[in-house]
Amino acid sequence: MAASVENRQFRHEPGLSAAGVVRSFSPNHRRSDSPIRNCNYPAAAREFMTPKKLPPETYDTSDDEEDEADYRDAIKKSNSELESSVFDPRDQGTADQWIERNPSMVRLTGKHPFNSEPPLNKLMQHGFITPDPLHYVRNHGPVPNATWEDWTVEICGLVKRPARFSMTQLVNEFPSREFPVTLVCAGNRRKEQNLTKQTIGFNWGAAGISTSVWKGVPLVHILKRCGIYSRKKGALNVCFEGAEDLPGGGGSKYGTSIKIEMAMDPARDIILAYMQNGEKLSPDHGFPVRMIIPGFIGGRMVKWLKRIIVTTPESESYYHFKDNRVLPSHVDAELANSEGWWYKPEYIINELNINSVITTPCHEEILPINSWTTQRPYTLRGYAYSGGGKKVTRVEVTMDGGETWNVCTLDHKEKPTRYAKYWCWCFWSLEVEVLDLLSAKEIAVRAWDETLNTQPDKLIWNLMGMMNNCWFRVKTNMCKPHKGEIGIVFEHPTQPGNQSGGWMAREKHLEISSELAHPTLKKSVSSPFMNTTSLTFTMSEVKKHNSADSAWIVVHGHIYDCTSFLKDHPGGSDSILLNAGTDCTEEFDAIHSDKAKKLLEEYRVGELITMGYSSDSAASSPNNSVHGATNYLTLHLSLATIKEIAPTRSVALIPKEIAPTRREKIPCKLISKTSVSHDVRLFRFALPSPDQVLGLPVGKHVFVCATIDDKLCMRAYTPTSTIDEVGYFELLVKIYFKGVEPKFPNGGLMSQHLESMELGSSIEIKGPLGHIEYMGRGTFSVHGKQKFARKLAMFAGGTGITPDLSSDASYLKDPEDDTEMYVVYANRTEDDILLREELDAWADKYSDRVKVWYVVAKSIREGWKYSEGFITEDIMREHVPEVSEDTLALACGPPPMIQFAINPNLEKMGYDIKNSLLVF
């Protein structure tokens, strides 16, 4: 059904007192009762209803009082027919699991952090005021679990009277303003840019926009109270800083700044907001206090506000420079970093630009063509907005590519401020003849504001994908919704997040396919009602192809048959099989290069039918990944002699043999962190149930998954804990800090994220993955084929010791396993040797079975009795067994070590590295 925007003119009730719309507060995060719902005030809130004596310069709120009844009526309407928020299962195991959220919100960055927008048609159905649960959300990390009583906001820097205000002081000691403001993310409509060329941002659709009635303290009053200095004394910028601890820049708060002229301008209506739509802020929207800067992008409106600092330079926050910029189109990520484009002030975004969107017809809406529909006009609808308080004065629609334009009817539901500013979106509509739609190939819209700014015809790409405001185009196609009847199906350019659909996605993949000259690919469509010869499948059909006999995956709405690639996949066949029969868009994008993405096109067999289907990735369902199933039953039987595990003991990583369609990410909470050295940490993570074992076969590893800087990051790790540990597993991780290694100035993304994690926060794991599995007593399974050895030449470099360690531990626990292990372990210095105590203890206790030899690039202590330099042929001949039928070599370490030291020297020793070398 087409989305519609009702005509909701405000009623004017001049007799309503100011107290009639004051909202109550409770000291916790749950939404308080409100007089809008005819509820009684709690005693603690009565202080807010008592008129306060204000200084003579207090802002005159008489106009606000006249509008309050209008706001109340609009809020009531917007909240009607809104489903309740719930504790979403997708938040379980994350730092946000205590927050209730609306289940219809479209998640854009997986499970965590929570970045979301409402379905576009649902957003418009609620009209001018957006219900708080449907307001778009932009979070960079976990939501602070704040309390009203303990929260303070510090004012410092270039002020005469630095102060720290409690929430009670902000409410009682300052005048307040309450008025509607439209908030828009600078990334609104970014997915259109990503489908032109990938940016560094995630996929916002066209619903990264919302309007609320905000109430708070004018910033200018707070700065005056604290005695802000003049420009002559260096006060040039006002910086805002939030409470959350974020990974950006190696660890920082979210912060930004505006010029002092903006901060002190009463016409800007900048407030410290503590109420939204008549109630205290919800956690996702900044409880207990946030900035509202009307007419600006949402990225300047710091949530969970903790500090306001008046400074000479602009904010030095990582997020002030590395976010919310529109760089020239030729600047890519490498150039931006190498030439310092992030720090050029002319590319910062403050005020919104002019923009408009078609919301009716909605995506994949079908208009039947019959005697009834052709006798009456069809109404096109949408929204428009501009920045800086500029009024939208005109919206035009074209159905012939811009040759002619039709002027639309505008519906401005707000009154101008006393400074003639317009802070909210407006709605537009246009009646068109259905016969005109029949002849149109597309419908496009553009808006104008009072300074005659308008939207460009074509998209202008930029690295961050921000401020996209080209004409919004809806394509039309003929279809047959019912037998003997024709209709028009409408197609929006994109669908938000990793949802499939949209004419831009279809054209993008057709373009790629044309470049690859794929002979069998037909034109694809996203609607099942179109009369077409292309192969389309439902998700239920895809799920049937979840085995080695037929392994299908879905990526960006396109279906790929990877069966023939199983044997060639670098990560082994189970790297694909764990994913077979699922939509793995998010995780595929997280770990694959552009080369791999182009290679994937060779295996495309059709398109996913998207109508009525929400992809697993878009919904952050746990059943998406890119890697690995394992033969758990064989492992369990083969290693039963190591240690008996109760038959009823559950495992966290459920094997494919037991649950072929279950491929879940497992949330695991950090319960301890031990510093092993200056850059090595031992992390212990709790499994979901205290009586579980991890269930990871020896030799396999897991993916650790986290959303970092709004993108899914996945890294493979081998736990150092033994397979029979109950309730937890451990990871030994080397932290690659920013600014230490010149070749990698930004350091390790995942390792720094793990380092920044607080106890109680969570990551997700998925697996098992890997093509090598130790079955016990000298037997390995490699790509499903068995190999046997009595002697193992084991080479490790740096953190590559962890797979060897897990293997060693399992060998030594089985008294019947007489496999001999010869370990050569390379590091930079003695201090970099991991788990040396364990290795030396094993070599001492099992001297007939375990030999360990260390190699360091440079010794930093006297008396070093092992090798110095690199692994050489002489070292290998002296410390690993000669080639024989019952000898295997195992290696895990940096690629240069394996390529230039291990491989050539093993060949010199007579090893067949193709068949006798296993690389983890």
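Quick reminder: no glycine exception, Cβ is built from N, Cα and C everywhere.
If you look up Swiss-Prot, you'll see 1-69 marked as region 'Disordered'.
The compositional bias 'Acidic residues' annotation in Swiss-Prot covers 60-69.
Within 10 Å of the C-beta of Cys185 (Mo-molybdopterin binding site) we count 24 further C-beta atoms, all protein chains included. In the three-state DSSP reading, Cys185 (Mo-molybdopterin binding site) counts as coil. Look at Swiss-Prot and you will find Cys185 tagged as Mo-molybdopterin binding site.
When averaged over the domain 'Cytochrome b5 heme-binding' (534-609), pLDDT in the model lands at 77. Among the features that Swiss-Prot reports, domain 'Cytochrome b5 heme-binding' is placed at 534-609, with the record citing sequence analysis.
DSSP classifies His569 (heme binding site) as coil under the three-state reduction. Marked as heme binding site by Swiss-Prot: His569, His592.
Residues or ranges marked as domain 'FAD-binding FR-type' in Swiss-Prot: 663-775.
In sequence order, Tyr736 make up the list of same-chain residues 6 or more apart from Phe744 (FAD binding site) whose Cβ falls under 8 Å from its Cβ. Taken from Swiss-Prot, the feature FAD binding site covers 715-718, 732-737, Phe744, 749-751, Thr802, and the record attributes it to similarity to another entry.
Most Cβ neighbours within 10 Å among the binding-site residues Tyr717, Tyr736: this distinction goes to Tyr717. Within 10 Å of the C-beta atom of Thr802 (FAD binding site) sit 24 other C-beta atoms, taking all shown protein chains into account.
Here the CA atom of His569 (heme binding site) lies 24 Å from the CA atom of Met750 (FAD binding site). Every protein chain considered, the tally of other Cβ atoms within 10 Å of the Cβ of Leu732 (FAD binding site) stands at 21. Classification of Tyr736 (FAD binding site) by DSSP places it in coil, neither helical nor stranded. Classification of Arg715 (FAD binding site) by DSSP places it within a strand. Put simply, His569 (heme binding site) is 17 Å from Arg715 (FAD binding site) when counted between their Cα atoms.
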